[in-house]
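Shown next, in structure tokens, is the structure this report addresses.
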Amino acid sequence: METVTVVVAPAPVAVTQQPPQHKLAELKPSSFAGVPKSSPATKAKPAKTKKLAGGCGGYVLEDVPHLTDYLPELKSYPNPLQDHPAYSVVKQYFVNPDDTVAKKIVVHKSGARGTHFRRAGPRQRVYFQPDEVTAAIVTCGGLCPGLNTVIRELVCGLHDMYGVATVYGIEGGYKGFYARNTVELTPRSVNDIHKRGGTVLGTSRGGQDTAKIVDSIQDRGVNQVYIIGGDGTQKGAASIHEEVQRRGLKCAVVGVPKTIDNDIAVIDKSFGFDTAVEEAQRAINAAHVEAESAENGVGVVKLMGRNSGFIAMYATLASRDVDCCLIPESPFYLDGRGGLLEFVEKRLRDNGHMVIVVAEGAGQDLIAKSMNFADTHDASGNKVLLDVGLWLSHKIKEHFKKKPSFPITLKYIDPTYMIRAVPSNASDNVYCTLLAHSALHGAMAGYTGFTVAPVNGRHAYIPFYRITEKQNKVVITDRMWARVLCSTNQPCFLTHQDVEGAGLDEEEPQMPLVEGENALVRNPSMCNGNGHLCSGAA
């Protein structure tokens, strides 16, 4: 693959008292003492520019930073995997440096080739020697099935594939960099942790002090940082990468995206999601048994889903026992013709029982209005949610109290935190292994400032800004949500204005192929008649 390199020059990185760059690759991790830490005189951050490359046919590569972008004289070394007996039988184990992954694979024949990301995987050349590496792993934010599996596979992968002996675990989230001691992680110490829920390193929300974190990284001689967490955590990782770059440190900062809600943009899905959906089935099954066993039985199940209803949607589709699914993306109303209460009454008259699945973020506006509740936020900046399950159960009971001849039995089940505290299932364990390996391959190859995840089934290195600019949400005008409505036979509860407001799954605009900041320059003379780059094009 040939590309036209982008005409976007990042601002010069200010580095004071830095050791000569040609010697930097030979230094031991503890040799960062000559690089200044944070001070009032060194607060300026490098300009945020996108690293883009373009080609004919509307091809755009959204590349990720590399250590040589600001340390151009770093030495590279042959990848030790070429001598690893386990990989000797693999044909073309190393990824072609020009391989990319398309963000969208369904395109019109006359459409542009669109946005691509750099393909993940091991490279022939690496920028770290095994005895030079001191790696650190941290988990932040809420719990999720698979956290321990990712930790285990990072440690074992670094040790078994690349011969890295020094890996530290940062306890208690971001604050642990400067408020806690590290724990040494070895293949032996992490051998069985994938069989447990939660994270052996502990976690926390908020409280990030980027300067103190990078001070700690510098003091401890860490040159590979693996940060596991959701979109808020990845924003913090982006800040850490910028500060590392500003100080001119040879340190790769890598993110592994984690959220049980599956609301991280661009990527296919987040790890732990399959386990969460599978675990949610237990609660739905229990609610169905309770409802079916009572006269006019109603089972209400509240599932996780703060801003996105993916768990509720997929659990509903998998169960086939759900009569109504309520998610944050789809407004609903209780009273009046076509409202939820009317539907509940009709379904009970028809079937004698029903199950309602509601995501925790659904109906928050309705609850806030009825309770005159003021918005509050947690340490991560997330809005504190009211209990929609209890509120909905109360409203249903109140409605049927007015109908003495129509008694109901309602059971409310809240497995919210239970579904994220379990060990990951087989599918997620495999997925976590691939994520961990892709992350460490990228770090060893000198890439930094990226998140690793599958895009259309292929693992890719994605710039931090891409996954933090917005949250992934259920598109209620999409076929998947229509499948849910067909499965439950529920009304959509939407007005014409709601549908118009939801819009369609918007196509992202193509990067402009014109001169300007963060834009591409296309040279028509570089293209031949077939739309490909001519030989010799840079």
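Here the Cβ of each residue, glycine as well, is placed from N, Cα and C on the backbone.
Because TrEMBL annotations are produced automatically, they should be read as predictions rather than curated entries.
These figures come from a predicted structure and were not determined experimentally.
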Match it up for me: which of 29-49, 491-511 does TrEMBL list as region 'Disordered'?
29-49
For Gly230 (ATP binding site), nearby residues of its own chain (Cβ under 8 Å, 6 or more apart in sequence):
Cys140, Gly141, Gly142, Pro257, Lys258, Thr259, Ile264
Please give the maximum pairwise Cα distance, in Å and rounded to a whole number, for the ATP-binding set Gly142, Arg205, Gly206, Gly230, Asp231, Gly232, Thr233.
12
